C-alpha cells in the first residue's frame, strides 16, 4: 500500500464517524433527516459544479450518464436512511452495523466489476461481520433485532450505500477521481431533493436559516467531502470489498465519540466486537 493510499484510508476512517456525529447532533435537535441529507449534498454539488466550470465540462458517454444516475439514486436514498437511523439509534451501534457493507458490495462487485475476492482475504471480510454480533445485541444475535427502527434504517442504508460503492467504482473506471466525485455530488443533490420533496412535509429550501444550523451543515459537508473523495481514491487502488472492510476501522472512532458525546453504555461489549472486526481488517492488509 502506497503512502498516499494509506493517508487517504486514515482520512476516510476519521471523517466518516465525524460526519455521523454532527448529523446525530442535528437530529437530536429536531432537524429533519431528509433536509440534513439534501443540504449536505447541495453544498457539495455547488462546489463540484464550480470545479467543473473551471476545469471544463466532461463529455458524458451513455455509460457514464447511466452509472451517474444509479450512483445518485442509491447514494441519496442510502444517506437519507443513514441520517434517519441516527435519529433513533446509538452512534456506536450505527457504526458497527456498517460491517455488513463489504459483504453486500463483494457480491454486487463480482457481477458488475468482475472483482473476485481471493481466498486469503475472504476470512478477513467475514470476520468484520462476526464482530458486529457482539455489539448490536450485547452478546447474542437474534432476529428480533430487526424489529428495532434504528437497525432497520441502518441495514437499508447499508444495502443502498454498498451498492452505490460498486457503482462509484464503475464511474472511476469510466472517468477519473475528480469527475467521479463531481458526478456523485451533483446527481446525489438532485435525487436528495426529489427524495426530500416527496417524503418530507418540510420545505427543502428555507427563506432563513439559523447560523448554528448552517455552521453544522457546513462541517458535515466538509467531512463528507473528505470521506467521499478519499473513498474514491482508495477504490482506485484496491477492490471495493477490501476497501470497505478496511473502512471498518472507523468503528473505534464511532464508539469513542458515542461514549464521549452521548454517554452511551455497554462499552466493553462494543470494544470486543470492534477488536474482532479490526482483526479482520488486518488479515486483509497483511495477506
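Glycine is treated like the rest: Cβ placed from N, Cα and C.
Straight from TrEMBL, the features:
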- 25-135: domain 'EamA' (DOMAIN)
- 39-57: transmembrane segment (TRANSMEM)
- 64-83: transmembrane segment (TRANSMEM)
- 155-172: transmembrane segment (TRANSMEM)
- 155-285: domain 'EamA' (DOMAIN)
- 178-197: transmembrane segment (TRANSMEM)
- 217-235: transmembrane segment (TRANSMEM)
- 241-262: transmembrane segment (TRANSMEM)
- 269-286: transmembrane segment (TRANSMEM)
Which residue counts does DSSP give the domain 'EamA' (155-285) for helix, strand and coil? 110 helix, 0 strand, 21 coil
Sequence-remote partners of the transmembrane segment (241-262) [C-beta within less than 8 Å, at least six residues beyond its ends]: 9, 12-14, 16-18, 20-21, 24-25, 90-96, 98-99, 101-103, 105-106, 109, 115, 117, 121, 124-125, 128, 162, 165, 231, 234-235, 270-271, 274, 277-278, 280-281, 284-285
Counting Cβ pairs under 8 Å to the transmembrane segment (39-57), which of 64-83, 155-172, 217-235, 269-286 comes out on top? 217-235
Of the stretches 64-83, 217-235, 269-286, which racks up the most C-beta pairs under 8 Å with the transmembrane segment (155-172)? 64-83
Looking only at the domain 'EamA' (25-135), how are its residues distributed among DSSP helix, strand and coil? 90 helix, 0 strand, 21 coil
